[in-house]
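> Pasting in a structure now, in structure tokens, and then I'll have a few things to ask.
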Amino acid sequence: MAKSNKPIIWGTFAAGGELVSLITPVLIVLTLLAAMGFVPEMLGYEKLHAYASHWFGKLVIFVVLFLSLWSQAHRLRITFFDFGVRADTLVATTVYSIAALCSVATAVYLFRF
Amino acid sequence: MSRRPYIQEVSPTAWFFKRPRYMRYMAREVTSIFIGIYTIIMLVGLARLSEGQAQYEGFLAALRQPLSIVFHVFALAFSLYNSFTWFNVAPKALPIQVGEGFMPDSVVAGGHYVVWVLLSLFILFWAGVI
Amino acid sequence: MSENRLGARQVELEVLRYNPETDEAPRYQRYSVPCKNEWCMLDALNYLKDNLDPTLAYRWSCHMQVCGSCGMMINGEPKLACKAMVRDYEGVIRIEPLAHFPIERDLVSVADDFMDKLKRVKPYLIPGQPKTLAEGEYKQTPEQLKRYHKFSMCINCMLCYAACPEYGLTKSKFIGPAAITLAHRYNLDSRDGGRDERQEEIATNEGVWECTFVGACSDVCPKHVDPAAALQQVKVASTVDWYLEHFMSWSKK
Amino acid sequence: METIKTDVAIIGAGGAGLRAAIALAQADPKIRIALISKVYPMRSHTCAAEGGAAGVVKPDDSYGQHFDDTVGGGDWLSDQDAVEYFIHEAPKELTQLEHWGCPWNREPDGSVAVRPFGGMKIQRTWFAADKSGFHILHTLFQTSLQYPNIQRFDEYFATDLMVDDGRCQGLTAIEMKTGQMRRFQAGAVIIAGGGAGRMFPFNTNGAIKTGDGMAMAYRAGVPLKDMEFVQYHPTGLPNTGTLLTEACRGEGGVLLNKDNYRFLQDYGMGPETPLGKPQLKTMELGPGDRVSQSIWHEIQKGRSVKTAWGDCVWLDMRHLGEKTINERLPFVRDICISYLGIDPVKEMVPIRPVVHYMMGGIHTDTKAATSLPGLYAAGECACVSINGANRLGSNSLVEILVFGHRAGLEALNYARAQKPGNDAALAAQGEAAQAKLRALFMRSIGKESISGLRKEMTDTMEEGAGIYRTQEGLAKTCEKLADLRRRYADVALHDKTNVYNTDLLSALELGSMLDCAEAVAVSGRERKESRGAHQRLDFTARDDSKYLKHSMAYYHPTEPPRIDYRDVVITTSPPGVRDYSGAKK
Ligand SMILES: Cc1cc2nc3c(=O)[nH]c(=O)nc-3n(C[C@H](O)[C@H](O)[C@H](O)COP(=O)(O)OP(=O)(O)OC[C@H]3O[C@@H](n4cnc5c(N)ncnc54)[C@H](O)[C@@H]3O)c2cc1C
Ligand code: SF4
Ligand code: F3S
Ligand code: FES
């Protein structure tokens, strides 16, 4: 029995899980406020655009989105299994592809600033 | 005349109804659907932001749909649940030995809560909410 | 002695019965057992066997929570029958063999799979630096002992396997909590040098990576071994291994 | 009948059986070893031992002192050549376990820690928290997993030895999961079947300790030695018999009668020590057998506490405080709360003496060999004898290692020298065992119930062969047992299933216990003196002129056993007075 390659994903899952646990609730609060019509100052176009244009902002946005994507993709894969979807290879390919695609998209969008 | 071990089948789709503990676990796993969708919403926001002010305003307007508000409320609840479950078990992965004993779980978990509160406050402050 | 301690009551047990020679499938049988308040479930079963139905089959030996024989499902939870107290239950109590294992007969489950898994993870000291008896003992400080001590307390009762949904869902492919914990116990031992060999077994898809951190194993463990923690630690260590092996192969000697 | 051919067959996979198996596997990787046990190895009762295992390691200790403690503790009934061998091997075995990973407690510098133990005048007991036996058993079991030539037969119930051509050539066993009889043909057989405390109603022993191994050898003509010596532990929970470790008293717990008086001072163990300041060898830390006996006297004098579970005395640990109890005696607290509903932090715990250990057993020499060529025995089922009339706590865990090891090596030597057995003769014996079993199985009516007979047996054992004995009581018990043995022939079996038939196994175990019980009672009746654990109200003194001898019980199928005697081996320590008044040089 060969050693598993799952650590490659699990590494991002663990790191992503930590990050998501720490900041996702507050991020949701921010967009929830926006959704209710009280757009926080930082979510205004000017500010946010400026932030995304700075290299540091780009880095932060990329790391947050990247880790969040991969950690949730991994957990989603397990969730499918737990709900009885046994086509694990198919599920894994799909969710990881989406995560990969979205990661590339993130990078591409960030380049546009 | 002899052995015939009876195999106990586990229902692959309904097993988690059996124990409250399993339901709690599934609730934790299901958070990934909400957080996952939320991440994609953030990505869409980023895309709109890169496309210019009009597009971005459109995105903010779309957020105001009732459906989006409902989603946000659920996503917030699930992500909080995710955070708490994560903090509570965090001490298990990396036990810290101090002399003969281990750092108590409550300290490691408590540390996470403290960081979480501070970070959240900082982000709220930075975003101009408080 | 105060009254409640000496109280007795009639307890209704609904016990799963399965006789492979006469039953197509398991069925439940009701017994009404006069129990004392300070009895554990095993006392109730022993009374039942001695006085009501000698054909009931179940395992037990120590009656002191250490031999690990008497694991069974009591109202759906994996428990040691000698640790579950009658006074903590109300109404009809349902008693079944451990979940996820094939049923040999009545409350006796087939433990072969568990025994194979124990053996597979090499749960014995593979000395880092072999020593002869004449050289005396290996030195191990109380700190070093403490590092693995909790994980050496497993009584092999298999309750964690009955609690772990992934063990059931993978149709027993998963090596499972207790065996992986035991491997981890030796990996953490300052005298041991066999980690690489054990990782070949446990850092695999059927090993620790089948665990989704449900945590039920630790909830039910009667000896507070905390297998979920052990498995989580194995994942962290295996991930570090993987990155070292693939991205920093030069760091390995 | 399926036949399994092997070089050495071992009955029992507790501490002694596993140690023997590993010794064999290491000595010769090509030898085939069949390790047969009625429970999975780690369920064996060795796991229940809490205290620890004695071996000389510390500089202030010496072999001579371990020797003196053992021989004196055994009231000079130990064979001193065996004790000599034993004490020298003890530290090697314990170090060997350390090398195999046993988590012994440690000193700050990393060396092995030792603790004091009853009857040992110097701290020499190695321990692994309050789970010493558990760790020893699991270390041995796990270590054994690396040897492919140890072939395990878990949940096989051994029934009879096969003897042909004047030597033991194997055994028959029931495969529990199929109910089928199997024949094991072997060059040599080792019995490591454990004790027989279950023949008493109130005991610390696991359900498996029914003396099957002893009975098997006994029926094959091997004498059971010193069976009258049955050890009581002073502090058992009154309802379940669960052992409350000696450490309860070691940490400062005290014993009180119904008037809250520390009665031990009336039995030569005083003067009273201050509360919370236990002192080695006096009051509550006096030798276990003396403490048990004092409790019995208190009960006779009507100064005991009446409880629903019989006459008890109090074990008071309240003054230790919650913190100490949680840190030092967590398992004790757990057990009291679970099984009695009493929290020792807040209340006194009722306790009473409980049957704990069998000094006697299958007669073997220092090489673990029995009088039947090819048959070896080790562990609690054997009597070498190092324990004499009274075992010292923490010697038995070492005994299973030392003599398990020895039995393995001796059996190997023996088996190597043997020619293959006579298949036909052995097959016939297998068939005979099978037929006997089938007869029990097929009998449609039986008048006697297993649990009923068992209850009568345990009751009469407690009454006549308990902690204090008399001629009259023993005689009555002997008669009763003879009667029970007759009635056993008419025992009813309700379960007719082949698969995992525990009703059948209970019947077989009852048969073993009856045989052993009779050996205990008859040997006791014949020993008209008081020595160690054998205390008689009608012969209160030790009588070296007549009884400085081992009693040897020989089996008879329908009659009570014949008792014979054998000299005790005395090398350097002539019989003296058991002295607990101060440390000897
Ligand atoms: C509660 C308790 C605490 C103790 N504490 C201490 C202590 O602190 N220090 C100390 O030195 N000693 C202590 N002892 C004594 C010591 O634990 C035992 O004497 C010792 O463990 C016996 O080991 P064993 O290998 O001979 O037998 P066991 O461990 O009892 O093993 C017997 C084996 O024989 C097998 N067997 C029996 N019959 C059959 C059959 N018919 N067919 C197949 N297999 C069979 C069983 O399956 C089992 O594997 C304690 C004992 C008890 C009960
Ligand atoms: S880890 Fe706990 S639950 Fe699992 S087998 Fe060991 S003692 Fe039992
Ligand atoms: S319950 Fe199972 S999934 Fe992992 S944490 Fe425990 S082994
Ligand atoms: S009977 Fe031994 S653990 Fe319950």
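Each residue, glycine too, has its Cβ placed from N, Cα and C.
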> Given that TrEMBL annotates D:His233, D:Thr245, D:Arg391 as binding substrate, state which candidate in D:His297, D:His356, D:His363 belongs to that site as well.
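Looking through D:His297, D:His356, D:His363, the residue TrEMBL assigns to the substrate site is D:His356.
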> Using the CB centroid of D:His233, D:Thr245, D:His356, D:Arg391 as the substrate site centre, which other residues of the same chain sit with their CB within 8 A?
D:Thr204, D:Gln231, D:Tyr232, D:Leu243, D:Glu246, D:Gly288, D:Tyr357, D:Gly393
> Looking only at the domain 'FAD-dependent oxidoreductase 2 FAD-binding' (D:7-397), what is the model's average confidence as pLDDT?
94
> Of all the binding-site residues given, namely D:Val39, D:Arg43, D:Cys47, D:Ser396, which is spatially nearest to D:His233 (substrate binding site) at the Cα level?
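The answer is D:Ser396.
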> Far apart in sequence but close in space: which same-chain residues, 6 or more away, have a Cβ under 8 Å from D:Gly51 (FAD binding site)?
D:Phe117, D:Thr125, D:Phe127, D:Asp130, D:Ser132, D:Thr245, D:Glu246, D:Ala247, D:Gly393, D:Ser394
> For the binding-site residues D:Gly12, D:Val39, D:Arg391, D:Ser396, which Cβ has the most other Cβ atoms within 10 Å, all shown protein chains included?
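Answer returned by the neighbour count: D:Gly12.
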> With 8 Å as the upper Cβ-Cβ limit, not reached, which of the binding-site residues D:Ala16, D:Val39, D:Cys47, D:Gly51, D:His233, D:Thr245 neighbour chain C?
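Near chain C, the qualifying binding-site residues are D:Val39, D:Cys47.
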> Report, as a single number, how many Cβ atoms besides its own are within 10 Å of the Cβ of D:Arg43 (FAD binding site).
31
> For the C-alpha pair, I'd like the distance in angstrom between D:Arg391 (substrate binding site) and D:Ala16 (FAD binding site), rounded off.
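Pair distance, Cα basis, whole Å: 17 Å.
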> If one measures from the C-alpha of D:Arg43 (FAD binding site) to the C-alpha of D:His356 (substrate binding site), what distance in angstrom results, rounded to a whole number?
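Between the alpha carbons of D:Arg43 (FAD binding site) and D:His356 (substrate binding site) there are 18 Å.
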> Three states by DSSP: which one describes D:His356 (substrate binding site)?
strand
> Return one of helix, strand or coil for D:Gly12 (FAD binding site), based on DSSP.
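In three-state terms, D:Gly12 (FAD binding site) counts as coil.
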